[in-house]
Each structure stands twice: as C-alpha cells, then as structure tokens.
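> Take a look at what TrEMBL says about it:
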DOMAIN    48-196  domain 'Peptidase S54 rhomboid'
SIGNAL    1-19  signal peptide
TRANSMEM  67-85  transmembrane segment
TRANSMEM  92-113  transmembrane segment
TRANSMEM  119-136  transmembrane segment
TRANSMEM  148-165  transmembrane segment
TRANSMEM  177-196  transmembrane segment
TRANSMEM  208-229  transmembrane segment
Amino acid sequence: PLFMVAITLAQVGVFVAWSDYVRRGALGGPVSLAVNMVGDWPKCGDQRGQLWRYVGYQFVHADASHIIYNAIVQLTLGIPVELVYGSPRICGIYLVSVVVGALAVVFATPQYIIVGASGGVYSLFGVHLGNVLLNFEEYRAGLCNRWMRILALGLFVFGDLVQYYEAREAGGRASTSYAAHLGGFAAGFVFALIFLHEMVDHPMEHCIRRLAWVVAAASVAFLVGWNVVNDP
C-alpha cells in the first residue's frame, strides 16, 4: 500500500517540520496552502485562481490531534482497499476527492478557511461503501459481512452528524468543515462505483457504473462552474 503510507508520511512530515522548525502562525503548515478564497483584509483579494490550494490544504492541519486522527483513520481504511484494488486507483480517487472536498467548501461555506485531509479521509468511507454496493452479494458471510461494514460506516457518519448538530446548538460556527467531509465522501463513493471492480460480474452493476459516470460528471461540472462564476 505505497500510496496510503506515502501520503500519510508526507502529511505528518509537513506538520512536524512546520511545527518544530518554522513555528509561524497558528496552523501546522503554511497558510498559503489552506483553502481560503478571500485574501487578508484590507485587500481581500480573490484567491480562486491559486489552484494549488485545492490540493495543498491536505498538508496543513490545525493541531496534533487533527493530524493524528486523520492519519489513523486513513491508514485504517485506506490500506485494505489499496491492497485489493491497487495504488493507482486509490491514489486517483483520493486526490480527486480532496479537490472535490475543497470545491464543496467553496460552494457551501466560502467564508471559511479550511485545512486538513478531510476530503481524502472521508473519501475512503465512500470507497468502502461503494465497494460493499458493488460486491453486495459476495459479502454475505463472515465477520466483515455487508451489514457489519454498513453498520460501521453508519456509526462514523452518525458521530459526525452528532458533532455537527452539537456545534450548531452551541451557537458558534463549526470548527470542522462538514462540507469537505460530505464532498469527499460523495466523491469517494461515486468514483468507487466507477473505477473499482466487482468480484463477480452482475449486469445491474454495469447500469450503476453508467449512472455514477453521469452523476460524477454533472456534479464536478456544477462545482467547478460555481467556483468560476460565483464571487466568494
């Protein structure tokens, strides 16, 4: 699982190097990589053209607990699917989902400054759900059967929803980007349906794959178009 190990080491390495040697600013990484569509006051420049931010924000984390959580989750979820489907597929899905997570933030909460690998991490939840759907009949037996996998994913989603509503009830602005979570999860799920393969060929799965292509193309086109024409 070269990709999952490499991307995690890169993210942790940037955080450690920045925190231990640079120590500039409140974030564990350069703010120039964060998803931030509006520049600092008083200029408040339009930064949508700084395309590196849509990928680079995964290398900036808020604090040690942030990077530790993301690293543990993505290694736990990412290594098994990378062993099954190979590094190129999982690398592509992960990185595209990072970009889609950033675009989802620009659409839903453009006033936020977003850091962390949430788009990629939550894409892996979507990948696992897509894998279960593609191989629904094949995951009937064993401890890790289809319903146990769905239950485990559901518990993570439920926990995220509880945190979101607790933040809203507290009356403050959520410190976690749930738009990046949702965008990454949706991208991981849809692209898993497109690029992962089923253990046993079923005609219905070909229809699902075609539908996923349409959903992916329409969604990405909409998010990119919104980012281009809508002022942050």
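Each residue, glycine too, has its Cβ placed from N, Cα and C.
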> For the transmembrane segment (177-196), give me same-chain residues lying six or more residues beyond its boundaries with a C-beta closer than 8 angstroms to one of its C-beta atoms, as numbers and ranges.
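Residues 85, 89, 92-94, 96-98, 100-105, 107-109, 112, 114, 116, 118-127, 129-131, 133-134, 160, 164, 208-209, 212-213, 215-216, 219, 223.
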> Which whole number is the mean pLDDT over the domain 'Peptidase S54 rhomboid' (48-196)?
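Per the prediction, mean pLDDT sits at 85 for the domain 'Peptidase S54 rhomboid' (48-196).
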